[in-house]
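**Student:** Before I ask anything, here is the structure I am working with.
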Amino acid sequence: MDSEALSSDSHVAAVISTRRRSNSVSDDYSVQRTNDDATQCKFFAIQKGYWKDEFISRFANSSANVAEARRFPEISMGYWARTAAIEKYVREFLTEFNGKTQVISFGCGFDTLFWRLVSSGSNLVKYVEVDFSSVTSKKIRHILKPVGSGSIDLKKSFESEAVVSHHSDLHAGNYHLVGADLRQSNELDQKLETCQLDYDIPTIFIAECVLVYMSANASSSLLKQIVSKFRQPAFVNYEQFRTSDAFTKVMEQNLGERGIQLHGLEMCESSEKQEERFRNAGFKTIKVMDMNQIFNNFLDQNEVGRIRTIEMLDEMELLEQLLAHYCVVFARI
């Protein structure tokens, strides 16, 4: 996702702030969220103990303060749930094929899943991350910056020496980071070719609030492009859900005031819409779960119980409402 666009959880913050704020004029929850801001929110949640990630400190600004809205428990729970769900899908996919797999992350931002997988002993053939060049060039600088006291050398997870080209692409054997616009199929093809992928082995794609920023035609074309090039693709997609109600109207209005348009929102209206998009692209098995289902059924319930005790919620109804408006789609050929 474009680093200048708001992350999905800005809508969550806006709803929470509306429900909770007093008449104080000091509250300001309309600031545009950037990739850096999303990273800070994850960093905050990790510091609170929602999950462990020893790599995110390489990308986060440890001296920055997280805005008050981003410190709401619902925000941290939302980040934990989406992170845990996507990681579970990926790990199960890697295990199914004994690591003879590839992972391709669209709109990767400063995500650290590659390092978390490798450090835990997971086997994979190749991990590729794609985002706008403005994001990948910044991520490369973080990856290659000198290792300070107590920090981790991210390059140690690479199978070969990192080679940087055009300031926005990095190639290191089992890890590749490339800058490309997902709406430009030729550009994406060219960048993926530089990663020396194997189009015949199982490959899982990840997209977190990425397709919703593309038009329905553009996201459908991207999915069809994947199916036409990869013999055994799977796709895990996280984005907005049930987008025909007042919750979404408020979200759209807030984003519109900042020049942000969710061009693909029509595909997020229902399970049927999501299934139709993936089925038309050539995927055969499609499962859609909203984040309440993910939270209460898909994720480890012992872990969910632990998460619930970290911070007390004012009301469970608000969390459930928010989780109901996001979903995970898992699709396979």
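Cβ coordinates are placed from backbone N, Cα and C, and glycine is handled just like the others.
Per TrEMBL, the feature S-adenosyl-L-methionine binding site maps to Arg82, Gly107, Asp181, Leu182, Glu208.
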**Student:** So which of the binding-site residues is most packed in, judged by how many other Cβ atoms lie within 10 Å of its Cβ, out of Asp181, Glu208?
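**Tutor:** The residue with the most neighbouring Cβ atoms within 10 Å is Glu208.
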**Student:** Measuring CB to CB from Leu182 (S-adenosyl-L-methionine binding site), give everything in the same chain under 8 Å that is also at least six residues away in sequence.
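**Tutor:** Listed in sequence order, they are Phe106, Gly107, Val130, Leu188, Val210, Met214, Ala218, Leu222.
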**Student:** Excluding near sequence neighbours, so keeping only residues 6 or more apart in the same chain, what lies with its CB under 8 A of Arg82 (S-adenosyl-L-methionine binding site)?
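**Tutor:** Set apart from Arg82 (S-adenosyl-L-methionine binding site) by at least 6 residues yet with Cβ under 8 Å, we have Glu208, Tyr238, Met291, Tyr326, Val328.
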**Student:** Which number gives the other C-beta atoms within 10 angstroms of the C-beta of Gly107 (S-adenosyl-L-methionine binding site), all protein chains shown included?
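**Tutor:** For Gly107 (S-adenosyl-L-methionine binding site), the 10 Å Cβ neighbour count is 24.
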